[in-house]
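Straight from Swiss-Prot, the features:
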type     : residues                                   : note
ACT_SITE : 24                                         : active site
ACT_SITE : 72                                         : active site, proton acceptor
BINDING  : 24, 211                                    : Mg(2+) binding site
BINDING  : 25-29, 37, 41, 69-71, 73, 75, 192, 198-200 : substrate binding site
């Protein structure tokens, strides 16, 4: 759950390089105000902008947002249509500002289900911002973690069938090179808003050693204060990657004396 501890500023080492977020709670936020769910999604878009601002300010180098899962296509059609319109509007209006601020935009997921105009806007946003280096913003849209792993396995199977790869050459590193976000460091910190405590088929491979942080805060209410709580909690955690605390301490001592 969300930590209530607050510090003025985490050290540079405590700032995650890569932050991954499930943005949950737009619909409930709107329902509590007796408004249509699409109003919640619009409010959620403003929370995205606040989160980008925070990452740029703190020096986070990669931000991955779960915008629309492969399972979300099963939602009521009017909600899906409204989300697609909002997505298209955001691409039309927001890319220039992201370009100005040095944000590189990427999309991961199955684009084939989107309309041609939306696919064109997605490709255009990636092309326009490709050279930016301040922050890599990856939008997971029509994405599923199992689907991601299956596609990576399929790509390796094609190489085996073509004789370019032997089955015994396939290992974790090779599979990791085929999943989404392969060129980025694995997420250091995962955040889910809205109170649920599960990862919902998001980045299943990539989150293997990621620190998980959950908050009751609904996504439209997510702001720098809540993000700072997450970073404060993250700063106090010991990331062992399968080692013991003593081994981690020994490595830290060796690094400081080198």
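Positions of Cβ are set from backbone N, Cα and C atoms, glycine also.
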Distance, residue 72 (active site, proton acceptor) to residue 199 (substrate binding site) (CA atoms, angstrom): 15
Compute the C-alpha separation of residue 29 (substrate binding site) from residue 211 (Mg(2+) binding site), stating it in Å without decimals. 26
Coarse DSSP state, helix versus strand versus coil, of residue 70 (substrate binding site): helix
Which one of these recorded positions, 24, 211, has the sparsest Cβ neighbourhood, judged by other Cβ atoms within 10 angstroms? 211
Among 70, 72, which are recorded positions, the residue with the most C-beta atoms within 10 angstroms of its C-beta: 70
Within 10 Å, the Cβ with the most other Cβ atoms among the binding-site residues 29, 73 is that of 29
Taking only the CA atoms, the spacing between residue 192 (substrate binding site) and the residue listed as 'active site, proton acceptor', expressed in whole angstrom, is 17
Rounded to the nearest Å, what's the C-alpha distance separating residue 25 (substrate binding site) and residue 211 (Mg(2+) binding site)? Just drop the number here, would you? 21
Can you give me the Cα-Cα distance between residue 211 (Mg(2+) binding site) and residue 24 (active site) in Å, rounded to a whole number? 18
Using Cβ atoms only, which residues of the same chain lie under 8 Å from residue 41 (substrate binding site) while being at least 6 residues apart in sequence? 26, 27, 30, 82, 83, 86
Ten-angstrom check, please: count other Cβ atoms within 10 Å of the Cβ of residue 25 (substrate binding site), all chains counted. 26
What three-state secondary structure does DSSP assign to residue 24 (active site)? coil
